[in-house]
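**Q** In case it's useful when we look at the structure, here is the feature table from TrEMBL:
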type    : residues                               : note
REGION  : 1-39                                   : region 'Disordered'
BINDING : C26, C40, C43, C49                     : [4Fe-4S] cluster binding site
BINDING : G79, K80, G81, G82, V83, G84, K85, S86 : ATP binding site
Amino acid sequence: MKQEANIEAETAMENGEIPENANEHCPGPQSESAGKSDSCEGCPNQQICATAPKGPDPDLVTIAERMVTVKHKILVLSGKGGVGKSTFSAQLSFALAAMDFQVGLLDIDICGPSIPKMLGLEGQEIHQSNLGWSPVYVESNLGVMSIGFMLPHPDEAVVWRGPRKNSLIKQFLKDVYWGELDFLVVDAPPGTSDEHISIVQYLDATGIDGAIIVTTPQQVSLIDVRKEVSFCKKVGVQVLGVVENMSGLSHPLMDSKFLRITETGEESDVTDWVRDYVREKAPELLNVIAHSDVFDSSAGGALKMCREMGVPFLGKVPLDPKLCKAAEEGRSCFVGDNCGVSAPALKKIIETLMENQGLSKMLVDDAA
């Protein structure tokens with residue numbers, strides 16, 4: 001409850017409003033006497049008000065001017081780390097670019113920037129022009145910006161407190177020249193902390209279409225995703241939908257590795273024998289997909305949570321080793337037929353998202 005109160009208070013103060021937990025006769029966070037007057041004594045926001053800059057933030061005007069050329073802004077969030085949020089952000093960007101949209105992918109996961117690797121851009125650097133910072137391009141219609149391009153070494157740790165993270169996010173928004181974009185996809189870190197509050201506040205005046213929240217099926221993840229949904233509702237960001245990622249391990253049976261394990265734990269590889277047996281004795285199984293539930297979804301998974309919290313459910317993506325390999329190699333899972341299990345699921349989710357938000361008409365308009 002204390003964290004929620006702090007979020008609400010900070011959001012109100014950023015907007016120049018008096019927070020609900022303020023003392024009676026509060027002079028207002030933009031007042032010169034904020035945090036200093038007698039009526040401020042004992043207020044939980046006193047120190048923040050006393051040290052915060054007064055008046056409107058001039059950088060917000062610059063950000064608004066930058067964002068004029070961006071039609072749609074989509075946040076990709078997750079309550080829990082390790083659920084495949086960045087993989088989804090990368091593949092969503094690949095898919096939108098393949099539809100001939102102009103796409104930007106902004107990585108604000110300051111301490112764990114994995115987007116450069118997932119887009120095949122490791123080792124690239126940011127360049128500057130008279131227009132600002134230039135994104136690093138995968139294709140002519142898919143640009144990327146990340147702190148990963150700024151680190152002297154890929155193993156370099158980013159040990160920053162909140163204010164410095166917020167400053168870089170603001171710099172990304174006001175200094176990066178994207179040009180005309182149909183979509184800006186923002187890949188955020190897990191949780192509901194500084195980066196999330198900052199991106200919402202900085203983009204608030206420019207209009208955020210909403211957030212896609214990524215989870216895995218088990219309750220350990222869904223507990224935190226519920227908090228993410230609650231965060232979005234508190235700060236006024238529409239939840240575009242929830243994606244249940246790693247929804248069972250699915251892959252062609254013949255791609256499996258088969259083992260015999262003794263009572264003492266010794267393993268022997270019988271893969272070749274099983275494959276030869278299937279080809280000879282059961283060829284009808286050659287094209288069968290093997291599926292197993294990796295995570296416990298007996299409590300209903302993301303679908304049940306969405307029904308309870310009144311937010312859209314976009315669909316499920318299986319844990320596909322070939323999608324994992326595509327992410328490792330920095331390529332789209334939609335090219336070729338390598339990701340035959342996960343690519344159709346992702347495509348259906350993206351089509352549902354476009355349809356739900358009325359964005360599918362953009363395809364028709366562009367074709368015309």
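Yeah, the Cβs are placed from backbone N, Cα and C, and that goes for glycine too.
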**Q** Could you name the residues, excluding C26, C40, C43, C49, of the same chain that surround the [4Fe-4S] cluster site, i.e. Cβ within 8 Å of the Cβ centre of those residues, in sequence order?
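**A** Neighbours within 8 Å of the Cβ centroid, excluding C26, C40, C43, C49: A22, N23, P27, P29, A34, G35, S37, S39, N45, Q46.
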**Q** Just jot down the residues in the same chain as S86 (ATP binding site), at least 6 apart in sequence, with C-beta under 8 A of its C-beta; none if empty.
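**A** The answer is D107, D109, S114, I115, M118, D187.
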**Q** Among the binding-site residues listed here (C43, C49, V83), identify the one with the smallest other-Cβ count within 10 Å.
**A** C43
**Q** If you count Cβ atoms within 10 Å of each one, which of the binding-site residues G79, G81, G82 comes out on top?
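**A** Within the set of binding-site residues, the most crowded position is G79.
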**Q** Rounded to the nearest angstrom, how far is the Cα of C40 ([4Fe-4S] cluster binding site) from the Cα of K80 (ATP binding site)?
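**A** Their Cα atoms are separated by 37 Å.
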**Q** Calculate the distance in Å between the alpha carbons (Cα) of G82 (ATP binding site) and C40 ([4Fe-4S] cluster binding site), and round it to a whole number.
**A** 42
**Q** Between G81 (ATP binding site) and C49 ([4Fe-4S] cluster binding site), how far is it from one CA atom to the other, in Å?
**A** 33
**Q** Neighbourhood of the ATP site (G79, K80, G81, G82, V83, G84, K85, S86): other residues with Cβ within 8 Å of the Cβ centroid, in order?
**A** S78, P190, V214, T215, T216, S221, N245
